[in-house]
Amino acid sequence: MYNSKITGLGYYVPDNVVTNEDLSKMMDTNDAWIQERTGIKERRWIQEGSEDTSAVMGAKASRIAIERAGLTPKDIDFIVFATLSPDYYFPGCGVQIQEMLEMRTVGAVDIRNQCSGFVYAMSVADQFIKTGMYKNILVIGSEFHSGGLDKTTRGRGVSVIFGDGAGAAVLSRTEDNTKGILSSHLHSEGKHAEELTVLAPSIRHWVPKILEENDENDESYFPYMNGTFVFKHAVVRFSEAIVEGLKTNNLQAADINMLIPHQANLRISQFVQKKFKLTDDQVFNNIQKYGNTTAASVIIALTEAWEKGKIKDNDLVVLAAFGSGFTWGSVIMRW
Ligand code: ACO
């Protein structure tokens, strides 16, 4: 039986830094509130007129990951792209990557699992490799949030949190079963779908209806989040997903060398760290610089941690995420 292992990592964030101070000029908010509640100091937002989109940023991150894997785009057998902010309502961004990277006409699938998107994407790719169907899969998480946020005081509970960016991993076949993805665990609970959602446009709320209504007070087009409710579920589900992964592999929290939690809120990561009695060296956070980049957050953090030399051969690496859906999950890897 084959196993799958990360052979290349890359990330890309737009140059444009937006500080909490910058936000306080657009809406009634302030640096102290944002830092105290979320840990975020700044985020990247695509500048107007830039060529960047979710697909374009995903392609930029992918080129780095593929090169670091010692491969070319022609070696990639399949594309898995996670995003909640695709360039088009349809088709998904995966097909754009196939074109942008001048790849063979390989299959491409989009994953729509928001903050858990990258964890889901890794799990999907892992199955294709474990069954022997593909050798090298490009797994991408990318978000262009800033184009769709309500940047007025009305939207402050959501818009201060989210940032733009992309990350990519190449997952490759290995015959060494002691290395690579040990297990992945995925969950959902759709009854909470509307606690963190964008309601429109949707097939129920499509262009003729939008034109007919033309109501500037309609908030359906902006993300809505029941923040406190989401927070309470996040801390529970993050922990469950980690415990499930550890149990499956007969491991303890103390065995974790690096936990990469989805960067939703520094307070959530700190809660999880404390619960599992992990030291600062066992958890990586970069929400301070990038905000919550949803499907891109885990892969950007994983890449940064690896670039900083914080992940070494044989380390036990845990990816865990929770988000809109609700969806949550974890991936446990031996590096
Ligand atoms: N600046 C200043 N004040 C604000 C802001 C802001 N940006 N936003 C809200 N406030 C005010 C509110 O109006 C409220 O005022 P009131 O007490 O007078 O009514 C007060 O601050 C407290 O607001 P809460 O929403 O209760 O603040 P809370 O402490 O819950 O923090 C936050 C909000 C940061 C959103 C938190 O709830 C959270 O992080 N939730 C979880 C997010 C998460 O995990 N998301 C999942 C992943 S995302 C995805 O899947 C797409």
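Backbone N, Cα and C atoms are what each Cβ position is placed from, and that goes for glycine too.
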Range among 43-47, 223-227, 263-267, 293-297 that TrEMBL annotates as region 'ACP-binding': 263-267
Residues in the domain 'Beta-ketoacyl-[acyl-carrier-protein] synthase III C-terminal' (246-335) grouped by DSSP into helix, strand and remaining coil: 37 helix, 22 strand, 31 coil
Within-chain partners of the region 'ACP-binding' (263-267) [C-beta distance under 8 Å, separation at least 6 from its ends]: 37-40, 115, 161, 231, 234, 285-288, 290-293, 297-298, 300-301, 322-323
Rounded Cα separation (Å) that holds between Cys115 (active site) and His262 (active site): 7
Rounded to the nearest Å - Cα separation of His262 (active site) and Asn292 (active site): 8
Nonlocal residues around Asn292 (active site), in sequence order (Cβ under 8 Å, 6 or more apart): Ile40, Cys115, Ile161, Phe162, Gly163, His262, Gln263, Ala264, Asn265
